[in-house]
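Working notes, structure below.
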Protein chains: 2
Amino acid sequence: MGGSAAAAGKSVSGGGRAAPRVPVPEARPFLDTFRANLKETFFPDDPFRAVVRERGFGRRAAAALRYFFPFLEWAPAYRLGTFKSDLIAGITIASLAIPQGISYAKLANLPPILGLYSSFVPPLVYAMMGSSKDLAVGTVAVASLLIGSMLGAEVSPTDNPALYLHLAFTATFFAGVIQASLGILRLGFIVDFLSHAAIVGFMGGAATVVCLQQLKGMLGLEHFTTSTDLVSVMRSVFSQTHQWRWESVVLGCGFLFFLLLTRFFSKRQPRLFWISAAAPLTSVILGSLLVYFTHAENHGVQIIGNLKKGLNPISVTNLQFTPPYMMLALKTGLITGVIALAEGIAVGRSFAMFKNYHIDGNKEMIAIGTMNILGSFTSCYLTTGPFSRSAVNYNAGCKTAMSNVIMSLAVMVTLLFLTPLFHYTPLVVLSAIIMSAMLGLIDFPAAVHLWHVDKVDFCVCAGAYLGVVFGSVEMGLVVAVAISVLRVLLFVARPRTTVLGNVPDTNVYRRMDQYTTARTVPGVLVLRVDSPIYFANSGYLRERITRWIDDDDERTSAKGETGVQYVVLDMGAVGSIDTSGTSMLDELKKTLDRRGIQIVLANPGSEIMKKLDSSKVLELIGHEWIFPTVGEAVAECDFVLHSHKPGMVSGSATRENMV
Amino acid sequence: MGGSAAAAGKSVSGGGRAAPRVPVPEARPFLDTFRANLKETFFPDDPFRAVVRERGFGRRAAAALRYFFPFLEWAPAYRLGTFKSDLIAGITIASLAIPQGISYAKLANLPPILGLYSSFVPPLVYAMMGSSKDLAVGTVAVASLLIGSMLGAEVSPTDNPALYLHLAFTATFFAGVIQASLGILRLGFIVDFLSHAAIVGFMGGAATVVCLQQLKGMLGLEHFTTSTDLVSVMRSVFSQTHQWRWESVVLGCGFLFFLLLTRFFSKRQPRLFWISAAAPLTSVILGSLLVYFTHAENHGVQIIGNLKKGLNPISVTNLQFTPPYMMLALKTGLITGVIALAEGIAVGRSFAMFKNYHIDGNKEMIAIGTMNILGSFTSCYLTTGPFSRSAVNYNAGCKTAMSNVIMSLAVMVTLLFLTPLFHYTPLVVLSAIIMSAMLGLIDFPAAVHLWHVDKVDFCVCAGAYLGVVFGSVEMGLVVAVAISVLRVLLFVARPRTTVLGNVPDTNVYRRMDQYTTARTVPGVLVLRVDSPIYFANSGYLRERITRWIDDDDERTSAKGETGVQYVVLDMGAVGSIDTSGTSMLDELKKTLDRRGIQIVLANPGSEIMKKLDSSKVLELIGHEWIFPTVGEAVAECDFVLHSHKPGMVSGSATRENMV
């Protein structure tokens with residue numbers, strides 16, 4: 001047995017009663033505390049550790065460069081074997097990126113070619129600045145839909161296509177600026193306030209809404225509602241049943257079935273990932289050939305039409321920084337930027353976890369933000385790291401961000417030479433591609449899991465889902481964030497207090513609702529507070545503690561036992577306290593004094609002791625009534641109760657044995 | 001020595017290794033948990049205890065009536081001796097209420113007579129429904145100023161006095177409805193989110209702003225800015241120095257000096273409370289006589305003028321429920337109602353604490369709300385329980401809410417017969433009365449106390465103060481609430497984690513930063529998490545825990561010691577966990593597994609165990625790696641480390657001795 005374990009079995013040596021048992025820590029200079037708190041708040045992961053560790057300016061500058069441009073880290077050691085893996089992965093994701101890019105651009109009511117532009121520049125930027133090895137950069141369905149619905153609410157993409165396009169670039173620019181600023185200002189934790197449950201519900205709802213929007217393409221409808229909610233879409237669909245085109249429906253359902261089937265196979269056999277990865281491009285090729293040979297475009301099957309050849313035109317001069325549209329772009333950028341960021345970070349983190357490397361959230365934000373800013377200068381719209389594409393990238397065996405470069409080059413070749421091939425691609429195939437991707441985002445098992453583990457989380461999830469499906473995407477987001485924040489506030493406002501009881505024949509105190517063997521000590525009520533004490537809960541805690549005492553008095557007086565004489569508050573779980581909290585203890589002490597009850601504190605942390613001392617509450621309660629453990633506190637109470645001598649008594653062998 | 005204390009010194013009997021040491025509690029039906037949580041959230045004080053305890057419908061109905069109309073509790077036992085005390089207190093507060101009422105009505109740009117109306121009906125309602133014995137009902141300066149500035153921003157009180165007056169009634173009605181609803185819906189805890197620090201800063205700022213506004217009256221200015229911020233007021237004052245009236249300045253400063261002097265005396269000698277209580281009425285009488293005999297009204301001293309004789313006219317038909325002004329009234333009612341409520345509840349609670357009786361916050365809200373609704377029907381504007389008047393009431397020895405009834409009757413007599421006496425009252429005296437009351441609200445020592453105890457609370461306070469003084473009252477409120485809520489969110493997002501160390505020769509583990517004798521155990525890192533684990537902090541905790549491990553590895557490898565093999569998480573302070581929290585543990589377990597580190601949990605509560613079980617994390621970690629105490633957990637780790645046998649080992653005498 002090792003040292004500490006061998007020592008166990010003995011107990012605290014006590015050390016007399018002369019010195020207070022729980023020391024008040026020495027005051028630290030304000031600036032020291034302030035700096036430490038600032039660091040803990042904004043730099044909890046100590047990101048510059050690698051830079052600070054180096055000696056000399058040159059080495060530090062090199063380390064800083066490596067920090068901001070992670071490709072400098074892996075590029076020098078890049079080998080042919082790694083390149084082979086990245087080449088395969090890059091080509092695979094390119095075959096997915098091209099049809100998805102075109103589809104999602106349609107979802108945002110933008111020209112299809114923008115989807116290709118957006119898969120060219122941003123991946124190159126990310127490859128240099130991003131720290132994830134698995135993230136495949138591209139546009140995403142939910143953000144595309146949101147851009148479409150938010151911008152479309154004020155500017156019509158059909159009546160004023162140029163303005164609409166420029167606003168999309170401006171929104172992307174703002175999204176990038178906001179993303180990068182969040183990273184630079186170390187505010188990445190704001191994204192954490194979108195809880196997992198909220199994201200599951202929100203994504204599921206958004207996927208449902210996106211699928212519903214595809215009914216337009218699937219049914220070959222010319223006119224469609226601009227709303228995204230279930231009721232409007234259903235009314236729009238069933239009010240024009242005579243417009244449904246069977247050619248479109250058959251083609252769409254056929255391809256959807258094909259895509260779902262390949263997905264099913266790939267899921268069963270992860271080795272066959274390439275089947276589902278190649279399926280969209282295959283569908284596009286098959287669909288285009290079919291239309292080309294059958295001239296189905298003349299029979300109600302809508303096609304993409306002309307796509308301009310050539311690389312991204314410069315769009316930096318198109319950004320709109322003048323009212324009245326700037327605010328619209330800013331709002332759109334803010335909301336879509338945060339959502340896209342949340343997805344990108346979450347995806348990056350998941351894959352980093354699988355491969356056991358570290359991702360710096362704030363640095364990722366800077367990378368994603370920069371890629372969107374540069375994207376907005378070169379005719380790209382909002383990009384991030386979509387889950388589906390990154391999963392394909394991961395399964396295809398990518399090793400570094402080089403796979404993004406390969407994808408980018410493949411898209412470049414497509415832009416330069418292959419765009420005419422997409423002329424005959426039927427829109428219904430794009431709808432099928434979107435639907436099959438979206439159905440994978442509705443995570444029903446996750447919702448069931450939430451229901452089993454935590455009902456409140458399930459409510460957050462359901463609220464977000466219903467908000468998106470029956471309201472709008474923005475409303476779903478607001479509902480999700482509001483329920484999440486309300487939950488935090490409720491958590492904080494209604495902390496748990498539990499009665500502790502003594503485990504017979506020991507000096508251990510445990511929660512009475514959990515450990516059935518625990519017994520109360522006559523005359524002593526031991527309460528445990530499970531949260532920091534501050535303004536949001538101090539009123540509640542005062543009332544709740546008083547109620548525990550009333551309950552106990554009622555119970556004991558019914559049995560004719562001794563009433564409560566001592567209330568021992570186990571402060572072990574109280575992480576911090578503010579001035580409202582110290583006033584609460586002050587008030588509680590005075591109220592209990594009038595009832596002839598002594599308040600005793602057990603196990604307060606150093607910060608608590610400091611605050612109690614500076615607010616004079618320590619003096620009021622008396623330093624001798626503060627103990628390092630509940631056992632010692634109760635022993636002292638019990639001793640005084642039975643010796644009928646109030647106040648302090650010098651240490652006895654029995655009490656010195658307490659833990 | 002009593003039973004449990006005598007038992008101390010022995011230690012936990014352990015009980016073999018067959019059964020898991022920390023039991024998973026049995027699943028309770030969902031509805032039971034839900035009902036219990038609902039009760040804990042909305043009825044933490046168990047308000048209907050007195051009603052439920054009674055048997056039979058009649059007795060229960062009587063108890064319920066007594067609950068909603070507390071005067072039924074004390075009225076039957078009302079005695080002449082009590083009445084004498086209440087009579088003195090009532091007359092004292094009436095002598096304060098009349099001049100203050102007139103002054104505050106001027107502050108709200110309302111006819112002065114409204115101040116008297118508002119001291120007649122609401123106190124009667126409160127006497128029946130309120131549970132505080134000390135609260136003296138009346139209008140308050142801050143809410144009056146807010147009504148004036150919020151309504152005045154859209155409707156001019158001079159150009160359109162009738163509409164302005166009706167909007168003030170409507171705002172009062174909405175304020176009452178909101179206050180009563182908060183009480184009925186048991187949402188009283190929302191008021192708790194205005195922290196004490198925020199209120200100190202906000203009140204101080206508002207008092208400063210109110211004082212600044214009095215410069216108009218003190219200097220005898222005709223024109224004055226409608227803004228309330230320091231810069232506008234100073235510009236307004238110093239741009240018209242030629243308009244200053246020395247008569248007004250002399251009179252004002254004289255009375256202000258007199259009022260402050262009486263306050264100073266009363267503060268030194270609480271027995272002489274009546275000196276400061278009677279001073280405002282004395283000033284009004286002296287000022288009026290002075291003007292009457294010197295005809296100062298012709299020399300630049302403005303006077304109140306005619307006050308209509310007679311009781312409150314009915315105003316229920318004046319309420320405005322049509323756009324566009326309804327929204328303005330609603331907004332004003334919401335903000336002023338919540339502020340007034342916060343003041344009333346806080347005042348009621350403070351005095352209840354002094355006299356050791358209980359106040360039900362939610363019931364008080366219903367009483368204050370009802371009094372404002374009925375007030376708005378009878379030409380009263382917003383009332384609550386002002387601190388200064390309640391303090392006078394308390395010092396004058398009031399015994400029950402009857403003192404409010406006496407005050408109300410005194411005001412009634414004034415309204416019926418004495419209003420002509422106020423014709424010659426100079427406005428400058430009212431300004432002096434307001435200023436002297438307001439200077440008492442600037443709680444400089446409280447701000448100093450905040451600085452000493454908690455720097456963040458001081459920032460909240462300073463932010464609120466500066467927001468009010470340099471921005472506007474609403475802005476100060478927004479700043480105060482925003483900083484307070486941000487603080488809660490930061491508290492939640494950045495919980496404290498500390499390393500625990502072994503106290504030599506014991507099996508006790510304590511925070512190493514607090515107890516300098518504590519020592520680390522080689523190969524085992526004991527971490528304590530001081531907050532619930534949920535979405536807002538799960539990402540941070542994962543990073544922070546990883547960083548603790550990295551730090552420890554660095555430290556030990558520098559010394560050539562064993563690296564971390566076990567991470568013991570002390571979950572004792574983790575009050576609850578949500579699905580993001582369980583996923584975090586899941587991820588952490590997998591990450592640590594890859595580094596060859598075993599994760600061990602110590603002392604998880606019953607709710608945590610339930611969640612860990614239902615989310616399968618318990619299975620993943622292994623039930624055998626969960627221990628009731630840190631001591632047992634470390635002993636097990638240490639045992640395995642030194643016997644080099646991984647996995648479970650059956651219990652030994654030494655380990656059974658662990659606590």
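Glycine is treated like the rest: Cβ placed from N, Cα and C.
What TrEMBL records for A:1-20 is region 'Disordered'.
As annotated by TrEMBL, compositional bias 'Low complexity' applies to A:1-11.
If you look up TrEMBL, you'll see A:135-152 (among others) marked as transmembrane segment.
Listed by sequence, the residues of this chain that lie at least six past the ends of the transmembrane segment (A:164-185) yet keep a Cβ under 8 A from its Cβ atoms are 42, 108-111, 114, 147, 150-152, 155-157, 191, 315, 318-321, 325-326, 328-330, 332-334, 336-338, 340-341, 361-377, 379-382. Look at TrEMBL and you will find A:164-185 (among others) tagged as transmembrane segment.
The transmembrane segment annotation in TrEMBL covers A:197-215 (among others).
Per TrEMBL, the feature transmembrane segment maps to A:244-265 (among others).
The transmembrane segment feature in TrEMBL is assigned to A:272-293 (among others).
Counting only same-chain residues 6+ beyond the ends of the transmembrane segment (A:325-346), those with a CB under 8 A from a CB of the stretch are 135, 140, 142-143, 146-147, 150-151, 154-155, 163, 167, 170-179, 182, 188, 190-191, 194, 199, 359, 361, 364-365, 368, 372, 382-387, 474, 477. Marked as transmembrane segment by TrEMBL: A:325-346 (among others).
As annotated by TrEMBL, transmembrane segment applies to A:366-384 (among others).
Nonlocal intrachain contacts for the transmembrane segment (A:404-422), taken as residues 6+ away from its ends with a CB within less than 8 angstroms of a stretch CB, comprise 86-87, 89-91, 93-95, 97-98, 101-102, 112-113, 116-117, 119-121, 123-124, 126-127, 135-137, 284, 288, 304, 307-312. According to TrEMBL, the feature transmembrane segment maps to A:404-422 (among others).
The annotation transmembrane segment is assigned in TrEMBL to A:429-452 (among others). Residues 99-100, 102-104, 106-107, 141, 197, 200-201, 203-204, 206-208, 210-211, 214, 216-218, 251-253, 255-256, 259-260, 263, 280, 283-284, 287, 304, 387-388, 458, 461-462 of the same chain sit 6 or more residues outside the transmembrane segment (A:429-452) yet have a Cβ under 8 Å from a Cβ within it.
Among the features that TrEMBL reports, transmembrane segment is placed at A:464-490 (among others).
For A:514-637, the entry in TrEMBL reads domain 'STAS'.
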Please count the residues of the domain 'STAS' (A:514-637) that DSSP assigns to helix (H, G, I), strand (E, B) and coil.
66 helix, 22 strand, 36 coil
Counting only residues 6 or more past its boundaries, what in the same chain has a CB within less than 8 Å of a CB in the transmembrane segment (A:135-152)?
93, 97, 100-101, 104-105, 107-110, 115, 118-119, 122-123, 126, 164, 167-168, 171, 203, 206-207, 209-210, 213, 226, 228, 328-329, 331-332, 335-336, 339-340, 343-344, 347-348, 351, 371, 381-386, 389-390, 392-393, 398, 401, 403-404, 407, 434, 437-438, 441, 472-474
Leading contact stretch, A:197-215, A:272-293, A:464-490 vs the transmembrane segment (A:244-265) - CB distance under 8 Å:
A:272-293
Rounded mean pLDDT for the residues that make up the domain 'STAS' (A:514-637):
86
